[in-house]
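Just below is one structure, and these are the notes that go with it.
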Amino acid sequence: MYYNHKNVLDTEQFSKPDLDFLIGKIRVMERLVEQNKAFGILTGKLLASLFFEASTRTRLSFEAAMERLGGRVISTVGFQFSSISKGETLYDTMKMVEAYADIAVIRHPVEGSSRIAAGAVKIPVINAGDGAGQHPTQAILDLYTIISEKGTLDGLKVAFIGDLKYGRTIHSLINLLRHYKVRLFLISPPELALPESYKKALQGYSLTLEETTDIKAVWDCDVAYVTRIQEERFPDHKEYERLKDLFKINKELILASKKETTVLHPLPRVNELSTDVDDLPNAAYFRQARYGVVSRMTLLCLSLGQDF
């Protein structure tokens, strides 16, 4: 098929054929990595890693992805270590980055910032998270994880648990899941419910959606996607303290499930996912992190127009 996504800015840009193509290419990349044949695909290419908001997994996995492909990385971490702290605009920063690198990955606390960045330059731009907006590469690796763990998506019951209001990983993954015949269970306190704009975007698709405050709804689900309460997004810290411990996933809850519920988490976790779940075979969140590297290797290659 003809895949034409130089920039990766949000999940709305991907059609079902795009996703089928991406999943297939990630499988190919995974095999190349297993056979030690991926190194050298992006030799001579330079990635600008621009993280203006805290990150461990996403930043390291993108940088590891570029290195594993034979490319190199230049980076900046935090506003205080960039000229933005001196008053430089994101537009000007990106114009400078364009002079140095072949592709840029950006995380920024302002929703919509990746579009500003992409509009400033001709090099590919990948959104690694823009405030409470989206995290498209996380959604793609999450999609790949579910398919790898379950063998399919169609017919699955998928629970999203925790902060559905501010959780950009949830916003992004739900946008991709609308292309599949799934049942979504949204488990959260009313104050952290999924925004109406995302619910409306699901209308007209073959999935179904149910909202509940009952954590035991996870017992009937094939996948439980757990997220932390996003403390940094709350305007009122007292509200965070009131809500942060309402939904907790532990071993006892998962073992009581009617199905072998696969547990996913984009990480980092705080106390919403107990460590006693870690030794269960259906705890897939560390495998999920590993899938992130091959997924991002694939996206880097495709954004740069390098087939494999």
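Cβ coordinates come from backbone N, Cα and C, glycine included.
The candidate list Arg31, Arg107, Arg115, Arg290 contains one residue that Swiss-Prot assigns to the carbamoyl phosphate site with Arg57, Thr58, His135, Gln138, Leu267, Pro268, namely Arg107.
Within 8 Å of the centroid of the Cβ atoms of Arg57, Thr58, Arg107, His135, Gln138, Leu267, Pro268, where the record puts carbamoyl phosphate, the same chain has further Cβ atoms from Ser55, Thr56, Ala128, Gly129, Thr169, Pro266. For Gln138 (carbamoyl phosphate binding site), the same-chain residues lying six or more positions away in sequence with a CB closer than 8 A to its CB are Thr58, Gly129, Arg168, Thr169, Ser172, Leu173, Pro266, Gly292.
Here Pro268 (carbamoyl phosphate binding site) comes close to Thr56, Arg57, Arg228: these same-chain residues lie at least six apart in sequence, with C-beta atoms under 8 angstroms from its C-beta. A sphere of 10 angstroms centred on the C-beta of Arg107 (carbamoyl phosphate binding site) encloses 24 other C-beta atoms.
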